[in-house]
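Chemist: As listed in Swiss-Prot for this protein:
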type: ACT_SITE; residues: S106; note: active site, nucleophile
type: ACT_SITE; residues: H131; note: active site
Amino acid sequence: MSAQEIKGLGMIPMVIEQSGRGERSYDIYSRLLKERIIFLVGEVNDQTANLVVAQLLFLESENPDKDISFYINSPGGSVSAGMAIYDTMQFIKPDVSTMCIGFAASMGAFLLAAGEKGKRFSLPNSKIMIHQVLGGARGQATDIEIHARDILRTKDQMNRILAERTGQPLEKVKSDTERDYFLTADEAKDYGLVDQVIAKRS
């Protein structure tokens, strides 16, 4: 169920704040955005990417020197949508700290590793999975060939970025991503996808 569907069912909790000027209610995600916390929950697609990118840009405009926390619980999804988030994370001035809560797979794991080095975290029972780019082209043989070349170029691009983000040799990343490669939180730390596994706030 997407966040939009949950919102449609009225299942997103509301937070009521009281001040000298009266009372104000926020949905929980808007309230957390005030604390510079962004969530990516569910599939990475154009809609979720647009929401995340907009929030990143908004928080940069609010304070370009204060970190942004990016919580990820995602099975992955669209490469182009994920790369829009990745590029924005690198483009903006604030450091983006990432945290895996639950599951970060495919593009979800890629974005987890894209956080500021030293500020990439996972909860202890989270799982992380990396693999190669998936594609499905239909149509004339010539068009399929064009798409295949593009997928191979994208695969190479993502492997190079993942090698740089993790510190692993490119050949190891290529080999490990040939098939679904599952890691525990501690294994993800050893691999370089995250920097620390956190059980409790300090």
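Glycine too: its Cβ is placed from the backbone N, Cα and C atoms.
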Chemist: Can you grab the distance from the residue listed as 'active site' over to the residue listed as 'active site, nucleophile'? Cα atoms, rounded to a whole Å.
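Modeler: Here the two Cα atoms lie 6 Å apart.
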Chemist: Say we define neighbours as other CB atoms within 10 Å of the CB. Which of the active-site residues S106, H131 has the fewest?
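Modeler: Least crowded of the active-site residues S106, H131, by Cβ count within 10 Å, is H131.
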